[in-house]
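Pulled from TrEMBL:
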type	residues	note
BINDING	122, 126, 145	Zn(2+) binding site
ACT_SITE	123	active site, proton acceptor
ACT_SITE	211	active site, proton donor
DOMAIN	297-442	domain 'Peptidase M1 leukotriene A4 hydrolase/aminopeptidase C-terminal'
């Protein structure tokens with residue numbers, strides 16, 4: 001459980017848990033199952049099913065303590081005692097959750113080393129921002145997610161260098177702008193202070209604006225003071241002042257101006273076009289974005305390869321592109337390259353054929369974050385020779401982050417019958433919420449008020465899903481906006 005102390009009385013068969021610090025209700029969590037522990041550091045262990053324990057241990061041994069120590073150097077002592085991690089089945093509905101003392105994380109992420117690193121470090125950062133100092137209202141969730149994302153990137157910079165951090169940031173901001181194009185710049189959920197008015201689904205606040213626009217605002221504040229270390233000192237003082245309480249945005253901004261009185265005298269909160277109030281309440285993209293030039297050694301090759309594949313003549317371009325060995329790239333580089341190709345889809349059929357010849361077998365051996373992007377390219381371009389890879393992927397992946405994007409793409413094009421066939425074969429292994437979401441995706445295009453088929457309705461009944469229940473998670477309503485969850489898939 002997310003608790004600082006736990007005990008088990010074997011004679012009574014009773015587990016007892018105690019949390020010594022006040023926490024908000026959303027951080028109270030319990031997990032039960034065939035879970036075995038293994039120590040990975042002086043104050044950390046992983047819990048996992050026996051079949052996963054060796055992999056989880058080997059990937060995280062020593063690393064978590066390194067990340068905790070880096071965070072402590074930046075933001076002060078870790079105050080929760082232990083930092084343990086429990087790996088949950090692939091059907092767990094979200095990627096990760098920062099429950100204090102015991103981070104919950106989906107086991108599927110073990111496939112993708114770089115995503116695992118980023119996701120766990122993000123949850124580590126929540127120990128200070130979100131868990132210790134909590135947003136008082138969901139309308140200001142950026143106070144948790146924006147600050148945690150900023151802290152996460154400070155930790156990765158200290159641990160892995162600025163180039164890697166800039167690459168990961170470029171990858172996420174690329175997704176933010178993709179989401180912006182789909183939603184429109186006047187979307188109310190693109191505000192940092194979203195008003196939970198009638199018609200606004202609270203689950204929609206779990207989006208990239210909360211994370212990345214929030215991060216950009218925090219980064220902008222750090223630039224105002226001119227020194228990341230001084231800003232770290234401010235955040236350390238902010239946590240010390242407000243730990244174990246809930247805050248609103250004005251608390252953070254007032255503390256910032258009090259900590260830097262010279263900035264208050266300069267009225268930095270009222271600079272034309274960059275007013276703090278505008279950051280909080282304007283729709284649209286961030287008012288300013290970070291300088292990512294320190295990552296150019298990693299992002300330039302991605303842009304160069306993408307340009308080759310969109311150049312003419314194709315034969316010459318493909319020959320030049322095939323000479324670039326992407327097997328030595330970082331996962332975020334390959335994912336960014338495939339995202340670029342996805343944004344340009346549908347592509348000319350001869351380009352897709354050349355891409356498949358060049359990359360299909362190679363990508364098939366890579367992690368799920370890479371494979372799903374290639375398979376989305378296959379689906380969006382109706383490239384039937386690689387469709388068997390889509391089937392195999394959906395038969396082996398039970399996570400919403402690796403299923404919803406493909407089902408959305410399959411049902412948008414001419415492959416809906418294929419999607420139905422695969423769903424009927426795999427639905428019994430899906431989480432009930434995910435099963436319901438896919439049923440809704442499959443029911444699209446059947447006309448106004450369309451209902452799932454009899455087989456789908458039966459499946460919903462068998463799963464115990466209330467057909468009239470409101471959506472609980474992002475994407476659990478009909479995806480009429482055509483936003484692939486690939487673009488909004490974020491850790492908690």
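Our numbering is plain: 1 for the first residue shown, then up by one each step along the chain.
Heads up, the Cβ atoms here are built off N, Cα and C, so glycines get one too.
Curation does not apply to TrEMBL; its annotations are automatic.
As the structure is a computational prediction, the values presented were derived from the model and not from experiment.
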Filter the recorded positions 122, 123, 126 down to the ones within 10 angstroms of residue 211 (active site, proton donor), Cα to Cα, kept in sequence order.
none
Around the Cβ of residue 126 (Zn(2+) binding site), the count of other Cβ atoms that are within 10 Å:
28
Could you say which of the binding-site residues 122, 145 has its Cβ with the most other Cβ atoms inside 10 Å?
145
Within 10 Å of the Cβ of the residue listed as 'active site, proton acceptor', how many other Cβ atoms can be counted across all chains shown?
26
Once the chains shown are all counted, how many other Cβ atoms turn up within 10 Å of the Cβ of residue 211 (active site, proton donor)?
25
How many Å lie between the Cα of residue 145 (Zn(2+) binding site) and the Cα of the residue listed as 'active site, proton acceptor'?
10
Given the model, what does the mean pLDDT over the domain 'Peptidase M1 leukotriene A4 hydrolase/aminopeptidase C-terminal' (297-442) come out as?
93
So how many of the residues in the domain 'Peptidase M1 leukotriene A4 hydrolase/aminopeptidase C-terminal' (297-442) end up helix, strand or coil by DSSP?
118 helix, 0 strand, 28 coil
